[in-house]
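> Structure in structure tokens, see below.
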Amino acid sequence: MAGTDSPAAARFVYRCLLFAPAIVVGLLLPLTLPPIAAAQRHTASDNPSTYNIGGVLSNSESETYFHTIISHLNFDQQYVPRKVTYYDKTIRMDKNPIKTVFNVCDKLIENRVYAVVVSHEQTSGDLSPAAVSYTSGFYSIPVIGISSRDAAFSDKNIHVSFLRTVPPYYHQADVWLEMLSHFAYTKVIIIHSSDTDGRAILGRFQTTSQTYYDDVDVRATVELIVEFEPKLESFTEHLIDMKTAQSRVYLMYASTEDAQVIFRDAGEYNMTGEGHVWIVTEQALFANNTPDGVLGLQLEHAHSDKGHIRDSVYVLASAIKEMISNETIAEAPKDCGDSAVNWESGKRLFQYLKSRNITGETGQVAFDDNGDRIYAGYDVINIREHQKKHVVGKFSYDSMRAKMRMNINDSEIIWPGKQNRKPEGIMIPTHLKVLTIEEKPFVYVRRMGDDEFRCEPDERPCPLFNATDSTANEYCCRGYCIDLLIELSKRINFTYDLALSPDGQFGHYLLRNNTGAMTLRKEWTGLMGELVNERADMIVAPLTINPERAEYIEFSKPFKYQGITILEKKPSRSSTLVSFLQPFSNTLWILVMVSVHVVALVLYLLDRFSPFGRFKLSHSDSNEEKALNLSSAVWFAWGVLLNSGIGEGTPRSFSARVLGMVWAGFAMIIVASYTANLAAFLVLERPKTKLSGINDARLRNTMENLTCATVKGSSVDMYFRRQVELSNMYRTMEANNYATAEQAIQDVKKGKLMAFIWDSSRLEYEASKDCELVTAGELFGRSGYGVGLQKGSPWTDSVTLAILEFHESGFMEKLDKQWIFHGHVQQNCELFEKTPNTLGLKNMAGVFILVGVGIAGGVGLIIIEVIYKKHQVKKQKRLDIARHAADKWRGTIEKRKTIRASLAMQRQYNVGLNSTHPPGTISLAVDKRRYPRLGQRLGPERAWPGDAADVLRTRRPYELGKPGQSPKVMVATPAMLGRTRPQQNILPPRYSPGYTSDVSHLVV
């Protein structure tokens, strides 16, 4: 088998070595080797005192140096503990991998090597190093390569214990990213072979770029990936696709032979001349036809075997020293034929090796998880005339920052076409597709009539393309942004086709489920979607610059600085029925009312108890004014307050008059203050806004009667999503959001929407145009409007510089005055604000109603007085009738008494003269009260008021006689008198001494 040198046999052996050991390792090792366990407690005496280090080297010189380094290592106490000695065991690398395997078993493993250092000549291929890795890895013996750079050695499923002090070829992708960031290139084309290393470098570039660009401002994107089969014969087909791409920066990984074919064909297509940039890997740099101006990379110390041998030995010694101090090291395996060997210490040693980080002869030596060298330095090579290689930069380790750093001297670079100036790296198109959107006053859109064939001079055609049937509706656009676009095209020299946003939206980020897709995918809609998907080159519209959009597109410097504000309708003047009461608060009105009556009461008391008041003056003239009563005092207090004339009822005492003067002064101040404030409230006052700004409590804690909204998917909508403190407000307003700003503004005018939150430029324009609208509070969320371009667009810097020049020249200020701030309209609004209101019925209706209430109150009171007076008159009339009846009855009684007295006198006279009647007889008219039973027998009499309820006085009708006649007198005999009842049951009659003249009880 030693004579198997043909390429076919070598490839066969390589495949066998590639797959067979992998299968064996994959199937047997999980069954025979337990997982790595933690080291147990040990002592220094448990570890071996001698360690054999194997070497599979490419030449005798390397073997000699390896022996020397091991000898010197034993005297370095920094790396070698006491009582520990290292010995070297070396063999020569054979081109035959099978022979190499046997040599490793017989000459290295049989001598208990703890690790193997392997190198080979670059021209011999990687079959022999792979054989060493397979064999040693099977027994968990670490292998340190110093020259193998293929990507296959990074696969730890196959090369389980392989490390290397050189980086793999595909690590050059890291240097590519640094170079692109340095030159600020944003679009690239990657050319790579379809082998393992070619695909590895592409994957490394794509993976690393995702995290690399988080720390830098300029992001490079891959516009085109060109993959070719090795052993090229022609590259023309791929060059055609590359020529139509926009990028002119080519990153190439290819072997030296393939690079020659690519450079040959690219030169024929004039793609290696001025304006093109080629950045290639180490192998391509050695092509014999590399064009002038090509940039390439070359690994530092790539061919310094001695340096790598020394670094690998010291890395190994450092790992063994730390392992000795931490755990017990078992002896290395000795029998290559024993497949059951499980050297756990070898696996642990491999982990210690990967964690090393030392400063070696080839630079900073450290490893990643795959055992590949990191912190490797590169030279940046510039190909000059006659294939001369000139170092123009270095990619080296910065010990202060503990990271790699790129340093390139741009002035020393000669670019393709022998140019000293860095190419743009991109083909700059001069005819652009520009999109805009209707948004007053920045863009006014007018549909063309059927008979119109062109727009007005200040307008530009802006068709609206239908996404479903690709038809276009013809429109004309003008406004702030259209004038800006016209001036930009003149200044930086490009032509354009203008069109409207297909869906009429600025665009927002949506999760969409594409047909047949299993997962959701985020996509931009509207203007943003057109630009991100490269269906447009530029957006000239009031497009707010925010982080969400800046992640996917480029923005120029702002052409208009603005913020977010709130638009609301001005509250109408409150012309209520009690408008005249507005100058004073309710509390003050109550105090004034109370003061009037308190002062009136005090005036009355002062005048009542003063010794100089009319109540105390006994000799006062009867012609003088009457004393001040309480009613007059109240009248006086009200009269002074209302400034009416006081004709009567003024206080007389000095103390009361002093109080009256003070009250008059108080009334003067109150009336003057009321008059002044009434004018301010009814004439000069302008209503304020309902909201104080975004921090208004009514917005933060939205009530049912307060509605606020913005445009869904807009930059304002994104702003509210970002602000945590506005989350409650956003959840409330999200359901009210509108599709367009125009709809929301119309609803504000109609009163359907209380607050519309939008860009300040648009809302200030609306407020200046309509005096009924006003912006509330200060600006918040300050940002700006910018021109949107594709990521990496070559026009970004030119547009930015042009906009800055426009600001300096005053052109932007001119656009502001022309389109946003309508001076005459705003002046009219200010004049309207300052003009006093003419008082109308609405303003003073309350006063008239107050007068009406007074009149109605007076009428009501007079009706009550009339009714009361009628009642009093009726009562008085009844009293008069009763009094008249009583007087008449009294007269009758007196008359009867007189008659009876005269009759008694006559009877006495007759008795005395004639003695006709027997003694003891009296007139019943006189003694009837003493003999009621006699009266009862004589017949019933009338009942008189004043008699007891149970006693009836009887009076015989004939007793009174006829009118004009004297009553008849009945003479009672002693027998009749003897049948009388006891005296106690008799009540006195009206004419008895108990009689009273009060007749009020007679009134019914």
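One-based numbering along the chain as shown.
Keep in mind that glycine also has a Cβ here, set from the backbone N, Cα and C atoms.
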> Where Swiss-Prot splits the chain into topological domains, do Ala637 and Met905 land on the same side of the membrane?
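The record shows them together on one side of the membrane, with a shared topological domain name.
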> Going by Swiss-Prot alone, which of Asn288, Asn357 is annotated as N-linked glycosylation site?
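Swiss-Prot records N-linked glycosylation site at Asn357.
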> Name the one residue among Asp497, Asp503, Asp759 that Swiss-Prot lists for the same glycine site as Pro542, Leu543, Thr544, Arg549, Ser715.
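Among the candidates, Swiss-Prot records only Asp759 at this glycine site.
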> From the set Asn326, Asn629, which residue is assigned the annotation N-linked glycosylation site by Swiss-Prot?
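Annotated as N-linked glycosylation site in Swiss-Prot: Asn326.
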> Considering the residues Asn466, Asn914, which is the one that Swiss-Prot annotates as N-linked glycosylation site?
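Asn466, according to Swiss-Prot.
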> According to DSSP, collapsed to three classes, what secondary structure does Leu543 (glycine binding site) have?
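Its secondary structure by DSSP: coil.
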> Restricting attention to the topological domain 'Cytoplasmic' (607-663), give the mean pLDDT.
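On average, pLDDT over the topological domain 'Cytoplasmic' (607-663) sits at 70.
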> Using DSSP with the three-state reduction, classify Asn493 (N-linked glycosylation site) as helix, strand or coil.
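Coil, per DSSP.
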> What is the one among the recorded positions Asn270, Asn357, Asn409, Ser715 whose Cβ has the most other Cβ atoms less than or equal to 10 Å away?
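For the recorded positions Asn270, Asn357, Asn409, Ser715, the Cβ with the most other Cβ atoms within 10 Å is Ser715.
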> Residues near the glycine site, Pro542, Leu543, Thr544, Arg549, Ser715, Asp759 excluded, by Cβ within 8 Å of the Cβ center?
Phe506, Ile545, Asn546, Ser714, Ser783, Tyr785
> Cβ distance under 8 Å to Arg549 (glycine binding site), same chain, sequence separation 6 or more: which residues?
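Long-range Cβ contacts: Met528, Leu543, Phe555, Ser715, Gly788.
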> So of all those recorded positions, Asn326, Asn493, Pro542, which one's Cα sits nearest to Asn409 (N-linked glycosylation site)?
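Nearest in space to Asn409 (N-linked glycosylation site), counting only the recorded positions, is Asn493.
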> At its widest, how many Å does the recorded glycine site span between Cα atoms of Pro542, Leu543, Thr544, Arg549, Ser715, Asp759?
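Spelled out: the longest distance between any two Cα atoms in Pro542, Leu543, Thr544, Arg549, Ser715, Asp759 is 16 Å.
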> What is the interatomic distance between the Cα atoms of Asn270 (N-linked glycosylation site) and Asp759 (glycine binding site), given in whole Å?
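It is 50 Å, counting Cα to Cα.
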> By a 10 A CB contact count over all chains shown, which of the recorded positions listed here is most packed: Asn326, Asn493, Thr544?
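Per the Cβ count, the most surrounded site is Thr544.
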